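**Student:** Sending over a structure as structure tokens; questions will come in a sec.
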Amino acid sequence: RENFIHLCNPHLEKMKEDILYHFALGTGTHDFPALFGDVKFVCVGGSPSRMKAFIAYIAEELGLGSPGCDYPNICAGTDRYAMYKVGPVLSVSHGMGIPSISIMLHELIKLLYHAKCSNITIIRIGTSGGIGLEPGSVVITRQSVDATFKPQFEQVILGKTVIRSTNLDEQLAKELMQCSKEIGQFNTVIGNTMCTLDFYEGQGRLDGAICLYNEEEKLQYLKEAYDSGVRNIEMESSVFAAMCNLSGVKAAVVCVTLLNRLEGDQISSSHDVLVEYQQRPQKLVGYFIKKSLGKV
């Protein structure tokens, strides 16, 4: 059964042309079905360089590219986001924080709609702070929760507060967990992910420019988060889950933990160790894509 993108915006049908400004793409200048119609998997992450590395990795894994091959940035006309494609896989950067990923997702969802894509799976791969986990552990998000541990995304629209669900696809999470077991290279858990509005005070750090609470209060808060089911903290998952839900897209969040926040705030691992950690979500999602395509 074909499952197409659902657009929650009747105004788009009245537009002669849809300009995806932050992608430097438009329906009047680009043939979306020809460029993107075969896409089945979309992987998004904060860093442009990481998403370029991912497309090179997945190309090699799927046998679709030659070693050392360069993949052009489809969004080269803008410096906001980067986008790469190989076969049925699209790799897109989203920047840092809810506002940045929200803008990207509005245009990405429209791109997939205009391209007439069906049966899409979107996965956010990224980094996070862990709670009660060894650094390097991978967390597959059960549901994204806010800073009060509620599974919701709250946004003010036309002066009114709108609350949206942040549940993610349960079956997809289970499939990813099974893939991690088959890989058997790193610790992986399914847990709630807390999505915050900033990196410092919003996550209870003691090392920002402003901090008006003490270490005891910080640890109490993080332990409350752990007791509620939270296993990691990042800054994009809530709006990602909410927008994918509204668009009828199967979605998951897979993040590696760079540190255990119960033991500190600063990321002190060496560059080489961090690079290896950051490859873990790529390996897991790459294996999932290969398995989905019958290439394992």
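A Cβ is built for glycine as well, from the same backbone N, Cα and C atoms used for every other residue.
Predicted automatically and left uncurated, TrEMBL annotations should be read as such.
Among the features that TrEMBL reports, domain 'Nucleoside phosphorylase' is placed at 40-289. Per TrEMBL, phosphate binding site is recorded for ARG80, ARG124, ILE125, GLY126, THR127. Here TrEMBL flags GLN203, ARG205 as substrate binding site.
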**Student:** Rounded to the nearest angstrom, how far is the Cα of ARG205 (substrate binding site) from the Cα of THR127 (phosphate binding site)?
**Tutor:** 16
**Student:** Across all chains shown, how many C-beta atoms besides its own are within 10 angstroms of the C-beta of ARG124 (phosphate binding site)?
**Tutor:** 28
**Student:** Here's one to test understanding: among the binding-site residues ARG80, ILE125, GLY126, whose C-alpha is closest in space to the C-alpha of GLN203 (substrate binding site)?
**Tutor:** GLY126
**Student:** Please work out the number of neighbouring Cβ atoms within 10 Å of the Cβ of ILE125 (phosphate binding site), leaving out its own Cβ.
**Tutor:** 27
**Student:** Cα-Cα separation of GLY126 (phosphate binding site) and ARG205 (substrate binding site), in Å?
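**Tutor:** The separation of the Cα atoms works out to 20 Å.
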**Student:** Using the alpha carbons only, what distance in Å do you get between ILE125 (phosphate binding site) and ARG205 (substrate binding site) once rounded?
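**Tutor:** If we compare the Cα positions of ILE125 (phosphate binding site) and ARG205 (substrate binding site), the gap is 23 Å.
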**Student:** Please report the Cα separation of ARG205 (substrate binding site) and ARG124 (phosphate binding site) in Å, rounded to an integer.
**Tutor:** 24
